[in-house]
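The compositional bias 'Polar residues' annotation in TrEMBL covers 1-35. What TrEMBL records for 1-51 is region 'Disordered'. The transmembrane segment feature in TrEMBL is assigned to 76-96, 108-130, 150-170, 239-258, 264-284, 296-320, 340-361, 373-392.
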Amino acid sequence: MTSSNSAMATRSLSVSSAMATDSADNAQNDNSAGAEQTPLPAPQDAAAARDGSDEAQAQGVCMAAGVEGWDRRLQIGGVFIILGVSALGAMLPVACKHVAWLNVNARLLTLGKFFGAGVILATAFVHMLGGATEALKDDCVDGRMGDFDSWPGFLAMVAVLAMHLMEHVLTARYIGSDSELAHTLSRHANTLADASPGAHTPQLLGDEERKAGEPKQRAAGHMHGALFADERRRQLSTYILELGIALHSVIVGMTLAVTGGAEYKTLLAAISFHQFFEGMALGTRIAELNFKRRPLVLGLLNALVFALTTPLGQTIGIAVRQSFAPRSPTTLVTMGVLDSLSAGILMYSAIVNLLVEEFAAPEFRVSSRNARIACFAAMYAGCAGMSIIGKWA
Ligand SMILES: [Zn+2]
């Protein structure tokens, strides 16, 4: 759900909404005056029947379908434009990483990765949480979510906890049992004790390891199992991130497909940037995956899956535009819940897997001051860019 889009919709609908409320009141008055003679028609929406005064509003405004000024040519053109920019954004980092003759500076790819981290963070906090709040607070939801205002935050928290639990379970499975882990820890301790004699306890190991900026020392303590688990975890968290971004992209595509008139072009432009930046963010993550065979093909396929999401949403939207009611309670609740859960997935991914892990990585900490400043700047730029786009899409 886009902020300006629904804001506009709210604005244009507020007049008719007021009228609908008036007529609802009239209908109610008429009804109470002569209920026996003129019973109200049976409401289509069972939930709307609970509150008679809201019925006309629910029927008139919330269930309104069809798009004014809808242009088939522009819409179909839009599908290909969005497909193109999404594919470009997502495939560029993958190609840069695996195609030798493109000869892209590794530093540029790193900057792209941190820019992408910012994009994901802003997508979660600005786009998804903002959109979900707007959708679930909409008048048309009308008490269906109960007397609780914090659903978006609550659902995002549930998604964060689910991500956390999943990472823990997978780490346990791939690293091995607790006794094996204890063994690994004692080996870690020995390695570190050998490297720098002193009082090293396994409990302090995490800090010690982080303080030791040298990659060599860190690598010496690492077991193959841990590296394997890291890779598996990275792979899975990338796929889940892809899923979270994909859900939002489908919603955005559907919104675009049921937008007509002058607003369409503005939204198309905003969503083009939206998909390009998000594609880049995801592409840099996909490029980091170590596929054993055919890394370029598998990487590009992953990027293609993302590139198809918004066009898929657009196609669905175009197909159902006559009957699709953007402000129907079902639509709003579905979009609100999906966006909230996606927000949690992206928050966890951005903060834990990108901000914490990338910035704590030895390679990052031993790089020059200017290089680190550039990484921070790239991340802030990603946040800023995506936040600004949040005004439209
Ligand atoms: Zn968005």
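Every residue gets a Cβ built from N, Cα and C, even glycine.
Automatic prediction, not curation, is the source of TrEMBL annotations.
Remember, it's a predicted structure, so these values are computed and weren't measured experimentally.
For the transmembrane segment (373-392), the list of distant contacts is 2-5, 110-112, 114-123, 126-127, 130, 266-267, 269-271, 273-274, 277-278, 281, 359, 364: same-chain residues at least six beyond its ends, Cβ to Cβ under 8 Å.
Here the listed stretches are 108-130, 239-258, 264-284, 296-320, 340-361, and the one with the most C-beta pairs under 8 angstroms to the transmembrane segment (150-170) is 340-361. Contact between the transmembrane segment (340-361) and the transmembrane segment (264-284) is not supported: fewer than 3 Cβ pairs lie under 8 Å, counting only residues 6 or more apart in sequence. The list of residues near the transmembrane segment (296-320) in space but at least 6 beyond its ends in sequence, with Cβ under 8 angstroms from a Cβ of it, reads 75-76, 78-80, 82-83, 86-87, 90-91, 94-95, 97-99, 242, 245-246, 249-258, 271, 275, 278-279, 282-283, 286-287, 289.
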